[in-house]
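*Asks:* Right, I'll just put the structure down here and ask away after.
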Amino acid sequence: MGNWAVNEGLSIFVILVWLGLNVFLFVHYYLLYDTSKEYIYTRKLLGSALALARAPAACLNFNCMLILLPVCRNLLSFLRGSSACCSTRIRRQLDRNLTFHKMVAWMIALHTTIHTIAHLFNVEWCVNARVNNSDPYSIALSDIGDKPNETYLNFVRQRIKNPEGGLYVAVTRLAGITGVVITLCLILIITSSTKTIRRSYFEVFWYTHHLFVIFFIGLAIHGAERIVRRQTPKSLLVHDPKACAQNISQWGKIKDCPIPEFAGNPPMTWKWIVGPMFLYLCERLVRFWRSQQKVVITKVVTHPFKTIELQMKKKGFRMEVGQYIFVKCPAVSKLEWHPFTLTSAPEEDFFSIHIRIVGDWTEGLFKACGCDKQEFQDAWKLPKIAVDGPFGTASEDVFSYEVVMLVGAGIGVTPFASILKSVWYKYCNNATNLRLKKIYFYWLCRDTHAFEWFADLLQLLETQMQERNNAGFLSYNIYLTGWDESQANHFAVHHDEEKDVITGLKQKTLYGRPNWDNEFKTIASQHPTTRIGVFLCGPEALAETLNKQCISNSDSSPRGVHFIFNKENF
């Protein structure tokens, strides 16, 4: 239990608080609508569907308030950089913003389903009462408001000949129209957010997600018509529903039971969402302002394995290791922004990203930069680029640990390029305040060509550490996870050479996948009383494996070895 609490304790606490608030709101509003005196006649008309519609509505307000906050990147980056208010543990929760965003989205979907189904029953009860297809009590309640100076309870006011006509009345009211629109928006947003769509058809995901604007507008005005009604406080003073409920035929005839008066609840949703919507509007204004700032592409480098490197400059741009930016290329798409990890170091006078060509947008950028041509491209022909960021990630905390494990899979090595470059610069500048004492670096890749663009950096580090008699500072293991028989024979022939046949490094390339259990146990034995940061940029399956290893290999004792798992999320 202690091992688990080291990595997941605070995250689970946050989730439990969030779930607890959802349960509290649901129960509180369910009991309010199911037991309070002012809703006695509304319950007579609608039954338990009233409370089952209003309780999830309260939870929807709460979760729609939360859904925008995890995607306010500038706000999160500001909080992350405020070390005075954010410890490492708190920052790790900020790094899980997208996970929380998805959880809130699924909670919204759940409560939307309950709310919609309950209101479909409510519409049926209201319509049946107006076509005289209900009990006499409901019909009598629905007739209130037909006479002058009376306020109505049933929102269906006209007499209806058949239930289908009543359904038409319901969906043509403001609440019905907005309900249909925001539900359709929610369905489209969620279905286009699956992993398959995001990876293979990112443009579909990107454009569909912007339906959130319509969703929030519809949500804000959804309750403006006030169709869910209750007995007014003034009416309750002269008409006690507990005493008069059984004497409906005497209403208006005896002094103690005058005709009850009803009013709709004032809309509340806008009060929940106006704050987050204002913050998100500020977020978008900041992004727009940044997108207008001039960015100059100083160099484009084509690497093997269909990877390009863009080196850029922008006035006032400041970065930290492991951060990422959003990039827009109007020549490819005027609206799309794509996230990329910075591969340059803060000490360099430019910032760079490495982009693997895997989709329509990256293919378009590849061609716009002239990388599909053999001749050099003139600088003035390079496309205009807009940059938003940089934004903080888990990798920023690398220098907060004495010992770290860096694990990159394929192109996922990019954030560690920035870290290792920064380490190299710090050693070149004789940095004395470097807390980091040991790096264990693991790189898993399927293809030998993918190693080429990164090998030069590792060679520089390897040489630098040897010259400073600190060769043990960096321990790196490169794994080739895909090879054929001819490659295996070639590797075997050159195995005894001083340098590796693939990378040119003294450290030989390993074949297959790491035995993570052995790796963690070995590192734990070498650093028995240390908090070790484990940083991953790679697939979910690997993240799950490493997270389990961090939990199982962390000591339950506060003074023992603790592996702290961190994963890149953007």
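The count begins at 1 with the first shown residue.
Every residue gets a Cβ built from N, Cα and C, even glycine.
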*Asks:* According to Swiss-Prot, which residue out of N247, N430 bears the annotation N-linked glycosylation site?
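*Replies:* The N-linked glycosylation site feature in Swiss-Prot corresponds to N247.
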*Asks:* Besides I411, T481, R513, which of R435, R446, R559 does Swiss-Prot list for that NADPH site?
*Replies:* R446
*Asks:* Based on what Swiss-Prot says, identify which of N97, N149 is the N-linked glycosylation site one.
*Replies:* N149
*Asks:* According to Swiss-Prot, do G9 and R229 sit on the same side of the membrane?
*Replies:* no
*Asks:* Can you tell me the CA-to-CA distance separating I227 (heme b 2 binding site) and P339 (FAD binding site), as a whole number of Å?
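*Replies:* That comes out at 44 Å between the alpha carbons.
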*Asks:* Tell me if the transmembrane segment (164-194) touches the transmembrane segment (47-72). I count contact as 3 or more CB pairs below 8 A, with pairs 6 or more residues apart.
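*Replies:* Checked: the transmembrane segment (47-72) vs the transmembrane segment (164-194), no contact.
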*Asks:* Taking the Cβ of each of the binding-site residues and counting other Cβ atoms inside 10 Å, which one has the highest number: W337, W361?
*Replies:* W361
*Asks:* Please spell out the DSSP helix, strand and coil residue counts for the topological domain 'Cytoplasmic' (195-203).
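*Replies:* Tallied per class, the topological domain 'Cytoplasmic' (195-203) gives 8 helix, 0 strand, 1 coil.
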*Asks:* Using Cβ atoms and a strict cutoff of less than 8 Å, what residues sit near the topological domain 'Extracellular' (37-46) while being 6 or more residues removed from its termini?
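*Replies:* 121-122, 125-126, 129, 137-138, 141-142, 153-154, 228-233, 236, 240-242, 245, 260, 262.
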